[in-house]
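Peer 1: My questions all concern the structure below.
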Amino acid sequence: MDKDQKKDQKKDGQTIETDGLKENPGVKGAAADAGKGTPKQEKHFRDRIPNNHRYSVISFYVVFTVVVIFILVRIGDNLDKIALALGAGFHWMRVIFVPLALGFALAYLFAPIVRFFRRRLEKLPYYRKRNKSGLGAAVGITFLIVAAALALGLTFLISAFTHELTVVSFDSITNFINGISKSFNEVYIQLKKWSEQMNISSDALATVTDTITSWAGNLASQAGRAVSDALSHLTGYLANGAFAVIFAVYFSLDADGLKRYGKRFFRSVFPEKATNVMRTAVRDADRVFSGYIRGQLLDALFMMVVVSIALLLLNVKFAVIIGVLTGIGNLVPYVGPFVAYGCTGFVGIMSQDWKKLIVSIIVVFIIQTIDGNIVNPKLLSHAVKVHPMLVIIALLLGSKIGGLGGMILAVPVAALLKVWLDRWVGIMEARKLRQKE
């Protein structure tokens with residue numbers, strides 16, 4: 001009777017008593033079920049796992065934030081020591097980076113000349129029969145020609161400068177200083193007469209003259225400090241120049257190997273899409289910088305030679321120095337004409353030869369006009385056109401960041417950014433057209 005009742009209870013799904021234990025008919029015994037759970041238990045555990053994961057993430061962020069705050073506090077407490085350490089590190093990096101960057105720039109500038117001589121040399125029977133590369137000889141010829149040209153130019157410049165100094169005697173220096181004082185007095189008297197005729201108070205004229213005098217004094221003191229700093233750092237400049245030439249020779253000799261290694265590196269490290277983007281960016285930079293910088297250097301050389309010869313023919317004092325300064329000024333847009341007119345006018349005023357001053361100013365104006373309308377556009381025909389307003393903004397930023405070097409590089413950098421911006425705009429326009437189709 002008891003057995004029949006138990007069977008009936010099992011069929012009805014009610015509780016079964018076995019050896020004093022109670023079991024639900026849908027749940028297996030713990031002994032037979034070790035390590036396994038019912039579907040309801042597994043679902044219950046799965047529902048709890050995401051909650052535990054969220055708590056872990058929150059805990060991680062809390063700990064990470066505390067650690068970051070602690071590190072920032074420690075950095076703030078030791079900021080002066082960190083700044084000194086970084087300054088020392090940057091100083092050592094600059095010692096290596098400056099000649100290395102100059103060497104790369106020289107090798108990049110001389111690359112067309114090296115390629116020209118290499119092509120010519122490899123056509124010779126000696127190289128063609130032996131299937132030899134003419135790269136080494138081309139690099140040697142290029143740097144010898146550049147060194148000879150620099151030596152010749154410096155010799156001519158120094159000889160012209162020393163000739164002007166030898167012509168000057170103590171009496172002529174005294175007369176020159178007296179002439180300057182007399183010229184300024186005459187100008188002041190004339191300005192005073194004009195101010196009286198135009199009913200301008202003498203106080204206003206005195207304010208203007210004091211301002212001009214103060215400005216001239218500050219300019220002279222700044223020029224003196226610049227010359228003093230340049231002379232004090234002359235040894236460092238010469239050392240950087242020597243190492244830059246050595247690096248330039250190695251860069252020129254290993255140009256092909258460096259290109260191959262660079263391509264291998266980018267292909268192995270970066271995805272194909274990123275590699276293509278970087279390749280396009282490098283090509284754009286090469287096109288912009290090669291076209292602009294080489295064109296500007298040739299234009300500066302043209303102005304140096306032509307202005308020097310023209311002023312020498314007019315028998316203007318310090319003609320070669322004026323020509324060199326004009327060429328250097330032409331490296332920066334809109335600066336060359338101011339340098340040319342300023343130097344020519346200053347020398348003419350100090351020599352008190354007004355006829356020669358007017359003629360020399362007219363000659364410089366003609367040369368600048370020819371350069372601005374014919375020579376410079378021809379040399380920069382392959383460069384990217386940049387809006388004048390963007391050029392001025394780039395020059396201001398470049399002068400603030402890097403001085404004269406920053407001003408020289410400001411325009412090609414702005415042109416490169418313009419090329420990249422135009423390319424990005426073209427990509428976005430093409431993408432929108434594809435979406436519409």
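Placed from the backbone N, Cα and C atoms, the Cβ positions cover glycine too.
Unlike curated entries, TrEMBL annotations are predicted automatically.
Copying in the features that TrEMBL gives for the protein in this structure:
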type	residues	note
COMPBIAS	1-22	compositional bias 'Basic and acidic residues'
COMPBIAS	26-37	compositional bias 'Low complexity'
REGION	1-45	region 'Disordered'
TRANSMEM	55-75	transmembrane segment
TRANSMEM	95-114	transmembrane segment
TRANSMEM	135-161	transmembrane segment
TRANSMEM	234-253	transmembrane segment
TRANSMEM	300-325	transmembrane segment
TRANSMEM	331-350	transmembrane segment
TRANSMEM	357-376	transmembrane segment
TRANSMEM	388-421	transmembrane segment
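Could you give the neighbours, burial and distances for every feature on this list?
Peer 2: For the transmembrane segment (300-325), the residues of the chain that approach it from at least six positions outside its boundaries are 156-157, 160-161, 164, 331, 336, 339-340, 343-344, 347-348, 351, 356, 359-360, 363-364, 367, 371, 375, judged by C-beta separation under 8 angstroms.
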Peer 1: Could you tell me what the rest of the chain brings near the transmembrane segment (357-376), counting residues at least six beyond its ends with Cβ under 8 Å?
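Peer 2: Distant Cβ neighbours of the transmembrane segment (357-376) are 295, 299, 302-303, 306-307, 310-311, 314, 316, 326, 330, 336-337, 340-341, 344-345, 348-349, 351.
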Peer 1: By Cβ distance under 8 Å, which residues at least 6 away from the ends of the transmembrane segment (234-253) in the same chain are close to it?
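Peer 2: For the transmembrane segment (234-253), the nonlocal Cβ contacts are 98-100, 102-104, 106-107, 110-111, 114, 135-136, 139, 142-143.
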Peer 1: With a Cβ cut-off under 8 Å, give me the same-chain residues at least six positions beyond the ends of the transmembrane segment (135-161) that come close to it.
Peer 2: 110, 113-118, 121, 245, 248-249, 252-253, 255-256, 318-321, 324
